[in-house]
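> Let me give you the structure first, and then I'll get to my questions.
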Amino acid sequence: MSAQNSLFSGSIVALVTPMNHYGEVDFSCLEKLVEHHIEAGSNALVSVGTTGESATLSIEENVKVIEKTVEFAKGRIPIIAGAGANATSEAITMTKLLRDSGVAGCLSVVPYYNKPTQEGIYQHFKAIAECTNLPQILYNVPSRTGSDMKPETVARLAEIENIVGIKEATGDVSRIVKIKQLAGKNFIVLSGDDATGLEAIKLGAEGVISVTNNIAAKDMADMYRYALVGDFDKAEEINARLMRLHHDLFIESNPIPVKWAAYRLGLIKSSHLRLPLTTLSEEIQPKVEDALKIAGLL
């Protein structure tokens, strides 16, 4: 595994952004989360991605959260910055602002809502890559964006030097094989789907950017450490215990359930989210609590 591949591999946390009851970012809590994941053995953190509520933070807030996450990490764990937008110019602005932030790379989502063609998607990511030397990880999540970046488009983008990988969040593990075939073995493929993450590793993915990791960090780190050395019996044992949790953390829109679960476990002080997201419905809370118990977290 190359140095770059090892930097973006294993158990990567799609980190929540803790907030107080007024909707302000709770930086003291964020610092504790960073320490928690370092101690648990997580391999990297994604700051202000989908799970970090990037859509409801201003550009200035996004940058500050990322910079503080890097500061708290003190070089002990790679930080990947969420830097996507559905306007190419805005994504470029965000990426440029991160130039000297100390991040290991940027995660940039397929433009959402405006539904570009495959050529539009290609030109979008090409323009972002050309504005920076930072490694770029593409992010395909059609269930949220309304656009699906095809493996053939990924392969074209893989020819650009600083586009180094993709977070593939369709949940279709056959995509892992297809992208590896078309983009080459050195192109990093990260699963973005907890329920199929272990299967993705078996098919050649280098790691998983995980929501479950927020609340089961040590289990997830252990599971993917076992998986990446081929000890799938031990990995499957952990995964079976977490499978209910993988599913129930999406029982309402992410990051609603995971923030409530993190609050329930005492990892954050509040389950507050910014509107239009609201805290986990009371009638759903017992179901997520049961999943936490099955996982051995309560």
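Any Cβ shown, glycine's included, is placed from N, Cα and C.
Swiss-Prot feature annotations, pasted as is:
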type: SITE; residues: THR50; note: site 'Part of a proton relay during catalysis'
type: BINDING; residues: THR51, ILE209; note: pyruvate binding site
type: SITE; residues: TYR113; note: site 'Part of a proton relay during catalysis'
type: ACT_SITE; residues: TYR139; note: active site, proton donor/acceptor
type: ACT_SITE; residues: LYS167; note: active site, schiff-base intermediate with substrate
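A description of the local structural setting of each listed feature is requested, covering burial, neighbours and distances.
Under the three-state DSSP scheme, THR50 (site 'Part of a proton relay during catalysis') falls in the coil class.
The Cβ of TYR113 (site 'Part of a proton relay during catalysis') has ASN86, THR145, GLY146 as same-chain neighbours under 8 Å, each 6 or more residues away in sequence.
In the three-state DSSP reading, TYR139 (active site, proton donor/acceptor) counts as strand. Taking a C-beta cut-off of under 8 angstroms and a sequence separation of 6 or more, TYR139 (active site, proton donor/acceptor) has the following same-chain neighbours: GLY49, GLY84, LEU107, SER108, VAL109, VAL110, ILE166, LYS167, ALA169, GLY192.
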> Including all protein chains shown, what's the count of other C-beta atoms within 10 A of the C-beta of THR51 (pyruvate binding site)?
23
> May I ask which residues of the same chain, at least 6 positions away in sequence, place their Cβ under 8 angstroms from the Cβ of ILE209 (pyruvate binding site)?
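Same-chain residues close to ILE209 (pyruvate binding site) (Cβ under 8 Å, separated by 6 or more) are ILE12, VAL13, ALA14, VAL46, GLY49, LEU107, LYS167, ALA169, LEU190, SER191, GLY192.
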> Indicate whether TYR113 (site 'Part of a proton relay during catalysis') is helix, strand or coil by DSSP.
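Assignment for TYR113 (site 'Part of a proton relay during catalysis') reads coil.
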> With every protein chain in view, how many other Cβ atoms are within 10 Å of the Cβ of LYS167 (active site, schiff-base intermediate with substrate)?
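So the number of other Cβ atoms within 10 Å of LYS167 (active site, schiff-base intermediate with substrate) is 28.
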> Across all chains shown, how many C-beta atoms besides its own are within 10 angstroms of the C-beta of THR50 (site 'Part of a proton relay during catalysis')?
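Result for THR50 (site 'Part of a proton relay during catalysis'): 24 neighbouring Cβ atoms inside 10 Å.
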